[in-house]
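Novice: As listed in Swiss-Prot for this protein:
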- K9: active site (ACT_SITE)
- D135: active site (ACT_SITE)
- P93, I94, S95, A96, G97, L98, A99, G100, G101, S102, S103: ATP binding site (BINDING)
Amino acid sequence: MMKINSYAKINLSLDVLDLREDGYHNIDTIMNLIDLHDVIEINRNNTNELKLSSNNSNFPTDKTNLIYKIFENLKKFRKINCSYDVFVDKQIPISAGLAGGSSNACEFLMYVNDDLSLNLSNQEIKEICRLTGADTFYFTSKKCVRATGIGNEFVRLSDFSNKNIIIVNNGMSISSKDVYDNLKESNGGLGKITVAIDSRDYETFYRKAFNTMESVSERLVEEISDIKEQLNNLGCDLSLMSGSGPTVFGIFENYNDYENCYSKLKDKYKYVFKTKTL
């Protein structure tokens, strides 16, 4: 049995651009991993059936799961004569804007590639991930990146690790499609924000960071704006929604404010995590 950590990501800024012919949207985003993670246990079996299970009853174990989808997409590139039993110990909230499902899928793909000595090229991995989900390929990077296209074209940015992060999620989920369908025009990209974070001008970055999906998601889940306000009042340097939400994160340069915020919010919402960027 192999155990693999599968990390969540946050969007340090996110702008949604135009709709593509393939149904995806072009985006401009800055992403970074955080230490919040699921643990995936993988055992090879000699059947033709991929068996998924989890400690979370809301975790899909059917063909809608991205682990299943990425395994099927892998078979378009290589002949596979075995399958796997996969148990996911879920710590990352589901459908929360933290890409837990995409992370699970990518980690599974990379494990199978190694386990079966498939020798997939980077381009093959990129295409398998594209067929599976827009942000899946990011998890091969594991760095602070500016991502464009559908989120699969990367420029690595300066290290943004070891930042104090509070994650807050009220237990609700949001359909990304519902948010995308109600978006208006973009903010014109992340040029200045990218320069700020890459030059470690965090004061400018914290002031200019944005997520164009927030305005739509806040109408669907009103508590998002309330959580942001509480994080701001408790001393965070930046509060922002991740992805399409409803998860909100706060970045704290001051460690005492970070600890105090966690203490004040940890019993107030369904999911409150104290974590760091990787």
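Even glycines carry a Cβ here, placed using N, Cα and C.
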Novice: In the structure shown, which of the binding-site residues S95, S103 has the fewest Cβ neighbours within 10 Å?
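Specialist: It is S95 that, of the binding-site residues S95, S103, has the fewest other Cβ atoms within 10 Å.
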Novice: Kindly assign S95 (ATP binding site) to one of the three DSSP-derived states: helix, strand or coil.
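Specialist: Its secondary structure by DSSP: coil.
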Novice: Which of these binding-site residues is closest to K9 (active site) if you go by CA atoms: P93, G97, G101?
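Specialist: So, of the listed binding-site residues, the one sitting closest to K9 (active site) is G97.
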Novice: Could you name the residues, excluding P93, I94, S95, A96, G97, L98, A99, G100, G101, S102, S103, of the same chain that surround the ATP site, i.e. Cβ within 8 Å of the Cβ centre of those residues, in sequence order?
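Specialist: Going along the sequence, the neighbours appear as A8, I92, G243.
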Novice: List every residue in the same chain as G97 (ATP binding site), at least 6 positions away in sequence, whose Cβ is under 8 Å from its Cβ.
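Specialist: Once residues fewer than 6 apart are set aside, G97 (ATP binding site) is near N11, I174, M241, S242, G243, S244, G245, P246, T247.
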Novice: Whole-number answer please: how many Å between the C-alpha atoms of P93 (ATP binding site) and D135 (active site)?
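Specialist: Given the Cα positions, P93 (ATP binding site) is 17 Å from D135 (active site).
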Novice: Measuring Cα to Cα, how many angstrom lie between S103 (ATP binding site) and D135 (active site)?
Specialist: 9
Novice: If you count Cβ atoms within 10 Å of the Cβ of A99 (ATP binding site), leaving out that atom itself, what do you get?
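Specialist: The answer is 29 other Cβ atoms.
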Novice: Tell me the Cα distance separating D135 (active site) from G101 (ATP binding site), rounded to the nearest angstrom.
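Specialist: Between the Cα atoms of G101 (ATP binding site) and D135 (active site), the distance comes to 10 Å.
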Novice: Based on DSSP, name the secondary structure state of D135 (active site): helix, strand or coil.
Specialist: coil
Novice: Using DSSP and collapsing to three states, where does K9 (active site) fall: helix, strand or coil?
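Specialist: Once the DSSP labels are grouped into three classes, K9 (active site) ends up as strand.
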Novice: Cβ atoms within 10 Å, counted per site: which of P93, G101 has the most, among these binding-site residues?
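Specialist: The largest 10 Å Cβ neighbour count belongs to G101.
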Novice: What whole-number Å value do you get for the CA-CA distance of S95 (ATP binding site) and D135 (active site)?
Specialist: 13
